[in-house]
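Record features, source Swiss-Prot:
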type     : residues             : note
BINDING  : HIS18, HIS87, TYR170 : Cu(2+) binding site
BINDING  : HIS159, GLN168       : O2 binding site
DISULFID : CYS56-CYS173         : disulfide bond
CARBOHYD : ASN53                : N-linked glycosylation site
CARBOHYD : ASN68                : N-linked glycosylation site
CARBOHYD : ASN121               : N-linked glycosylation site
CARBOHYD : ASN133               : N-linked glycosylation site
CARBOHYD : ASN197               : N-linked glycosylation site
SIGNAL   : 1-17                 : signal peptide
Amino acid sequence: MFSKSIIAASLLTAVTAHQNFHQFWVNGVSPGYQVSIRMPPSNSPVLDVASDNITCNVNGNVVPSGVNTTAANEGDAITVQWDSSTHPGPIQHYLFGPVDDASMATGIGSWFKIDEYIEVNGTWASNLMDAGNMSYTFNLPTGMASGEYLLRSEMLALHSAQTVGGAQWYIGCAQLSITGTSGDSCGPSIELPGDYNATDPSIYIPDIYYGFDISTYTPPGGAVATCGASGSGATGAASATAVATSAVSSAVASSSAAGVSSSAVVASSSVASSVLASSSAVLPSSSVAAIVTSAPSTLITATSAPAATSSAVEVGDDECEA
């Protein structure tokens, strides 16, 4: 019989392995901790891909959202930071819009993928992020239409993907007002909910612990979109110019959160100089009382996996339940 202390310790491990998207930076500047993000009521995963929660997490479809919207320009470097987790899997990013008012957008409907980061040399993106302060940087596409958007950050945990419905979805949505240069749309797009299926081979992986080759893995959601007649898709850490963040921390205070956040940001080699020189990285709402913080510039590349992470998945992770 298990002792109460052992059971309690197991439950604590399961909960602390869960995660939320809690901060982002635009060209190295953040509007604040949990600012412009629709925060869910807990850090538990979404399990039902057919539910509305697959869009922006629990309560993420409630409008008006009561969340401020942060300004950005097409092509800007976006850094997201998540809570630490040992769960293996990819990270992807989508946009919903343009809309007139992001705070009134439910997120139910058409999304287009702007970034995906899967693995490097047999190490999952999530494990690489864990070695780099759980931060990851990509660029918004060019050729976008101006307007307000929902930015959906998705971490798919595959440690229980050997059973149908076992994959865990960690999702957070931020509100952005993006200035673009085109009136054209971005595509291809997918429907959420609708285009994710629990039995898709990218979601249900029976052999995840038995010889599965993650270098052959293709995440759900289709191809990364392109925008405008002469625009481009986003540039993420899966490309040759992308980089992952280092484990450099700085305290970030917020009037809406009493906790402390570690921050780190990177830019791709093609935009590094503009990131450092940008004077219009972000325009927080005047109602935002959080401190706007600059992120450190120390970088590590994501072209090789850390030596400490040698396996695709850790068997012990599948004990974590929602």
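Using N, Cα and C of the backbone, Cβ positions are placed for all residues, glycine too.
Taking the features listed in Swiss-Prot, we show where each one sits on the structure.
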residue : record                      : DSSP class
HIS18   : Cu(2+) binding site         : coil
CYS56   : disulfide bond              : helix
HIS87   : Cu(2+) binding site         : coil
ASN121  : N-linked glycosylation site : coil
ASN133  : N-linked glycosylation site : coil
HIS159  : O2 binding site             : coil
GLN168  : O2 binding site             : strand
CYS173  : disulfide bond              : strand
ASN197  : N-linked glycosylation site : coil
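Proximity of ASN197 (N-linked glycosylation site) to non-local residues of its own chain (separation of 6 or more, Cβ distance below 8 Å) is seen for VAL49, ILE203, given in sequence order. The most densely surrounded of the glycosylation sites ASN53, ASN121, judged by C-beta neighbours within 10 angstroms, is ASN53.
Take the Cα of TYR170 (Cu(2+) binding site) and measure to each of the recorded positions ASN53, ASN133, HIS159: the nearest one is ASN53.
Cα proximity to GLN168 (O2 binding site) (within 10 Å) is found for the following recorded positions from ASN53, CYS56, ASN68, HIS87, ASN121, ASN133: HIS87. Take the binding-site residues HIS18, HIS87, HIS159: by the count of other Cβ atoms within 10 Å of each Cβ, the lowest one is HIS18. Separating the Cα atoms of HIS159 (O2 binding site) and ASN53 (N-linked glycosylation site) is a whole-number distance of 20 Å.
HIS18 (Cu(2+) binding site) sits 17 Å from CYS173 (disulfide bond), counting Cα to Cα. In this structure the C-alpha atoms belonging to CYS173 (disulfide bond) and ASN53 (N-linked glycosylation site) are separated by 11 Å. Reduced to three states, the DSSP call for ASN68 (N-linked glycosylation site) is coil. Within 10 Å of its Cβ, the residue among the recorded positions ASN68, ASN133, GLN168 with the fewest other Cβ atoms is ASN68. When the Cα of HIS87 (Cu(2+) binding site) is compared against those of the recorded positions CYS56, ASN68, ASN121, the shortest separation belongs to ASN121. Checking each of the glycosylation sites ASN68, ASN121, ASN133 against ASN53 (N-linked glycosylation site) by C-alpha distance, the shortest gap belongs to ASN68. Cβ contacts within 10 Å of TYR170 (Cu(2+) binding site), excluding its own Cβ and spanning all protein chains shown: 26.
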